[in-house]
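Trainee: I have a structure I would like to understand better, so I am pasting it below and will then ask my questions one at a time.
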């Protein structure tokens, strides 16, 4: 509840050392002596002096101040703290300012605190390969987008859809990828981009829940994509083997054999390093470009008779017009054709997936990706239109199927007819050639057929190689963040480039497993949907970050629009269902399961996601909405300010308060630091986050607040007035009973009672908890911390004295013994407590955990003696709705007049029925006015004896002098005035002992003391005698405003 002594002193930045006298001297220090100065000091930097014309502790803006604490290099620059600038001239000390501060080393490798801009200098990273935007992004994206679709299925797509709708297919695909590219560009340029590609972008934008779920399936999709591309390559090779009668075993097993051999070779290239992989990609790109040029060149070479029979006639306007309209066959539709083509447009993340290997990912990814989309889109469109203008839809391949000159041509094959060929038989039976029937149209059209085959090989192998590199890179980034702890084994990298060798092996195993299946027609739609899910989340990330309007969202790339990004996300979701509805459902199902898993596990990461920003915006918006609505009694809920001290000091008090508020009301646990502000502020500031983290760890839905003040009562007064926000502010004060009121100083008692008066003044409901064992466990926690600290020191000493895993001999073994002596000396001050103290501490610990566990069958006895608005009845009712208290039944006790017991009972029963509050029993106490027993009264007199003035036995002058000297003592006049009220408290304790000794919890209406009429000590005596020798007891007094209603 309060802190009278600070452990800290003033707020000290670990980067500073204060020594010496005034006048202040400002020196900068370095942790190393590499600057050539033996004393480790050097003059103040010229920029600091010359910029302002005088020596100053302030620092000019510098990027090094903004690096993460856990930077790769292990150092970061530090600026003076506000306290050091503010207090420096009062301290009259010399201040040494280092350039950098050592990292504490607690962060794991690759944790989000790492800062890539803090990487070691280039000369220390000799051999590390980093790519520019062309080789790193543009080439990879183009190779991944230019797939086998370009040479095998593109002609079929335009044959089915016609070049009119075919353009729409390509344009729609490009719209989806371009919008995704724009969104990705915005995210990439909103800060430094580390390795991990799509996973990194999504996780840092939307948080670990979305990032962790999509990262895993995206890495898996890339691994399976390797198998898909390799199987496509193997199928092409097997076709060549069949043509040349060179089958090894049979078709399916040959595909498996060739596929496995190919993956082994690709794995070898990848493991050899990114440089070798990049060289291989360049070779494949040259082959692919040659194949594409080969197609364009072939359309200008005059067609032979054989090619004309197969439907190729060079450029012809009639063919071009005939191929404009769609001609869907075999149940195909626009959407089915689009679903077949769209996977060819994917691959835009190939460059982003190796973001950790780029020289400048922020500049390279937007430039390379968008240019790749433009180039590949134009290429697809150009090749498709060239083929549509020169090849008919159906052809027989028979050179004898001709028309005589002058034949009137009508019908679907009129273009071929006008060119002298008779392909009308294709209307009756299926032909083998033409756009609609042959997947080898590109080979036929090209100038040199084998080059198209080489282009097909290049397209499949380049895509397989890109996926083989992407999957381990993304997976490694996911594992480094330790979202899935079981996968952290794969986070380790090897070599200068931190290559994920373990990830490569895992990807290889997955690829081989799917290659051995041989048929990937079932898995292919799911993989396409996995990629589309990534695109959807990238778009949504951009929209979400823009919608949150966080000041931290400042992308350097400005050519994006939040609503366009949202449209892109929706388009991706629609395309997922267009491609395959059941695959889309499976994708969503897997993603939701992973999202729930990560949410439940709550990984210990904080990336400043847009989800946090939107949550904040929503909270502010909802709080403002509430402030515009007047409170209504039906919506009243206890919002509790708990004077608990440090969050874990009084666990029973916090647990009971949490039971009242749970997740449905506000619970604010507060601490007052008493002392000079300069001394207590550092301790308070250091404990803010620590206490809130403890509450979160213990799943206590509460906030921690603290104030620093010279006086405890004034600190509580500040909390009572300023806590909360709008309608979300406390309405109930909850605190523990001051058990030591008879032994502590009078100022502490006056402060405690004054605090209760303040609560009544500010119209707070007031709840006081008393437990016979006590509430404060701070001394036990302090002893525990000291023991843990001593054990840590012991471990450190042993590590220092015992090298080689504790196997030292001779001197080191002797040193270990001395370290134990050091430990003994260290903890000797904490001698074992006496058996009596030990038993008291044990009972205190048990009491502290009493409200954590499920309560046994029993009763909650509510002594509702005064109508305070209903808070005394509402709080116990709320307890009975909690799982821990469901076996505790309410018993109501009320004061009644003799002879009216049954009538009073019926009235209360009727009132409770209207309030819809069930109770097991109603007891009317009609002898509450009876005087207490002499033994009880004697106990009370002994309790107040040290605080009574006894002025009656003195003469008038002495009496007046005593009142002046001891105004806080209880006078005989005061005892006479409040005799009946005093009798009531003593008598109530007797009745409580008689009726409620076995209750799980007792709740009693709290007596109120009039200000300046009842002395502080008499009031404390009332509270003490009322609750003495009882089970856990709550004194409750509402603010006399209704919190219960029977109206609907």
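Yeah, the Cβs are placed from backbone N, Cα and C, and that goes for glycine too.
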Trainee: For the feature transmembrane segment as recorded in TrEMBL, pick the matching range from 311-333, 334-356, 403-425, 472-494.
Mentor: 334-356
Trainee: Which range is it, out of 88-111, 112-135, 448-471, 592-615, that shows up in TrEMBL as transmembrane segment?
Mentor: 448-471
Trainee: Give the range, chosen from 24-44, 45-65, 66-86, 255-275, that TrEMBL lists as transmembrane segment.
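Mentor: The range carrying the transmembrane segment annotation in TrEMBL is 255-275.
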Trainee: Out of 214-235, 282-303, 334-356, 448-471, what stretch is closest in contact terms to the transmembrane segment (530-548), meaning most Cβ pairs under 8 angstroms?
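Mentor: When the Cβ pairs under 8 Å are tallied, 214-235 comes out ahead.
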Trainee: Is it the case that the transmembrane segment (368-392) and the transmembrane segment (334-356) have 3 or more CB pairs under 8 Å, with pairs at least 6 apart in sequence?
Mentor: yes
Trainee: Would you kindly list the residues that approach the transmembrane segment (164-193) from elsewhere in its chain, counting only those six or more residues past its ends and only Cβ-Cβ distances under 8 Å?
Mentor: 115-117, 157-158, 200-201, 204-205, 324-326, 334, 337-338, 341-342, 344-346, 348-349, 352, 355, 358, 361-362, 365-366, 369-370, 373, 377, 380-381, 384, 388, 535, 538-539, 541-543, 545, 552-557, 559-561, 564-565, 567-568, 571-572, 575
Trainee: Hey, which of 214-235, 255-275, 448-471 has the most Cβ-Cβ pairs under 8 Å against the transmembrane segment (334-356)?
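Mentor: Looking only at 214-235, 255-275, 448-471, the most contacts with the transmembrane segment (334-356) come from 448-471.
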Trainee: Between 214-235, 255-275, 282-303, who has the most Cβ pairs under 8 Å to the transmembrane segment (137-158)?
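Mentor: Comparing 214-235, 255-275, 282-303: 282-303 has the most Cβ pairs near the transmembrane segment (137-158).
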Trainee: With a Cβ cut-off under 8 Å, give me the same-chain residues at least six positions beyond the ends of the transmembrane segment (214-235) that come close to it.
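Mentor: Residues 147-148, 196-199, 202-203, 254-256, 258-259, 262-263, 266, 353, 456-457, 460-461, 463-464, 467-468, 470-472, 474-475, 477-478, 483-484, 506-507, 510-515, 518, 520, 523-524, 527, 530-531, 533-534, 537, 587, 590-591, 594.
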Trainee: State the residues, same chain only, that lie 6 or more residues beyond the ends of the transmembrane segment (255-275) and have a CB under 8 A from a CB inside it; answer 'none' if no residue qualifies.
Mentor: 129, 131, 226-227, 230-231, 233-235, 237-238, 248-249, 354, 357, 461, 464-465, 468-469, 472, 495, 497, 499, 501, 504, 508, 511-512, 515-516, 518
